[in-house]
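Working notes, structure below.
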Amino acid sequence: MRSVLSLALLAANVVTAAVVSPFDYSGYKVIRVPTQKDNVKEVQRIITDLNLDTWKYPKSEGQNADIVVPPSQITSFMERISGMSMEMMHEDLGMSISNETSFEAYSAGYAPDINWFKSYHSYQDHISYLQDLQGLFRTRSEYVDAGKSHEGRTIPALHIWGSGGKNSKPAIIFHGTIHAREWITTMVTEYLAWSLLSQYNKNADITSIVDNFDIWVFPIVNPDGFAFTQTSNRLWRKNRQPNPNARCPGRDLNRNYPYQWVGPGSSSNPCSDTYRGAQPGDGTEIKVHIANMKRIASYHGIAMFVDWHSYGQLFMSPYGYSCTARPPTDARHQELSRIFAQALRAVHGTPYRTGPICNTIYQVNGDSVDYALEVLKVKLSLTAELRDTGARGFVLPADQIIPSGEETLAGTVAMLKAVIRG
């Protein structure tokens, strides 16, 4: 099985911010094959034999295989899966990407307006939007250049506070886009920030949340990878930091945190999408984020950390590294996860599954949630996989942004109200 990284190597052999031609996915299909006891090994063999990329790899029976099939392999692939059930996620992946990347031109007038959320946007427009949004609420927020990526891009953050003033309350930290291709997380974390700012003193629940917590929103944790998905390869996942093997740049930043770093939930292969890095915490962006989280924790601690991902419609708790270990706060984590999922579903009927990371999605080593809980002693550490469950996957149409934001806000508000109640 190739990683999505290998497609980028066909497009460009680069490890810097050089501009290259985008990889062309025209004619590629994304096909879901549900696995069962009698076919999971065969599906794994097909993926290996045809050297196919996957969005979801079936490690065991009952898991879906979401498979990227190039035009040259369509006939062979369809022959091999004959008799198995399948679902077409993208008939033409190139066309889906083209539709998704029709960015609307940014205007500063979008800052207080929901129109910003009708389209995806370029990295630089996100920076402009965050600065303009903060400029409308100067007494209750600040725009922060939280540090620089490996290629020198700003890692942006919005800091939001209420009646007590900044740095006066326990912190809530939201992370988005640690995996570059998960564009919906950029927009949803910005939707949360926009709502918390614009609805303060208008919505009683939001006002209470902002008054009770110092809120930090990091919409683009991995700016180099994010920019690369917009210029070169839409399906890039990792950062853009060089490795000893120059053909395979990048670390999976969510396998690079220095806690339970080695294990089956990450890879030592630089060409893997889950490459953990050469050393724990050696990712440029991870160093920046650890420093920021430690600084934030030094004020009044961190009440909650949420790392937003896509896709799968899941809301999950520790641990990623172990499928048997549970933190002492497991019951509280599960309770809040259920509250989040129930409130979210009430908005548009979107179902979310909940549970510990390892048991709910797969085993993960060196991830942000386990690190935040065990090393930084964050009280509550959680992660989400946003829309959808695979109908469109990573290439989620722009008309899904606003409903995703609406339901995620509802879940988040309900969960934080429960935290305030104790």
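Even glycines carry a Cβ here, placed using N, Cα and C.
Noted in Swiss-Prot for the protein shown:
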type     : residues                                                               : note
SIGNAL   : 1-17                                                                   : signal peptide
DOMAIN   : 119-419                                                                : domain 'Peptidase M14'
BINDING  : His179, Ala180, Arg181, Glu182, Arg237, Asn254, Arg255, Ser310, Tyr311 : substrate binding site
BINDING  : His179, Glu182, His309                                                 : Zn(2+) binding site
DISULFID : Cys248-Cys271                                                          : disulfide bond
ACT_SITE : Glu385                                                                 : active site, proton donor/acceptor
**Asked** Rounded to a whole angstrom, what is the largest C-alpha distance between any two of the residues His179, Ala180, Arg181, Glu182, Arg237, Asn254, Arg255, Ser310, Tyr311 that the record assigns to substrate?
**Response** 17
**Request:** Within 10 Å of each Cβ, count the other Cβ atoms and name the one among the disulfide-bonded residues Cys248, Cys271 with the highest count.
**Result:** Cys248
**Request:** Could you round the CA separation between Cys248 (disulfide bond) and Glu385 (active site, proton donor/acceptor) to a whole angstrom and send it over?
**Result:** 26
**Request:** Express the predicted model's confidence over the domain 'Peptidase M14' (119-419) as a mean pLDDT, rounded to an integer.
**Result:** 98
**Asked** What is the Cβ neighbour count of Tyr311 (substrate binding site) at a 10 Å cut-off, with all protein chains included?
**Response** 24
**Prompt:** Between the residue listed as 'active site, proton donor/acceptor' and Cys271 (disulfide bond), what C-alpha distance do you get in Å?
**Reply:** 24
**Item:** Rounded to the nearest Å - Cα separation of His179 (substrate binding site) and Cys271 (disulfide bond)
**Value:** 16
**Request:** Provide the number of Cβ atoms within 10 Å of the Cβ of Glu182 (Zn(2+) binding site), excluding the reference atom itself.
**Result:** 24
**Message:** Please give me the CB contact count at 10 A for His179 (substrate binding site), counting all chains in the structure.
**Reply:** 25
**Item:** Structural state of Glu182 (Zn(2+) binding site), classified by DSSP into three states
**Value:** coil
**Complete:** Residues near Arg255 (substrate binding site) by Cβ (under 8 Å) yet at least 6 apart in sequence within the same chain, in sequence order, are Trp261, Gly265, Ser266, Ser267, Thr274, Tyr275, Arg276, Gly277, Val364, Asn365, Gly366, Asp367
**Message:** Looking at the binding-site residues listed here (Arg181, His309, Tyr311), whose Cα lies nearest to that of Cys271 (disulfide bond)?
**Reply:** Arg181
**Asked** Of these binding-site residues, Arg181, Arg237, His309, which scores lowest on Cβ atoms within 10 Å?
**Response** His309
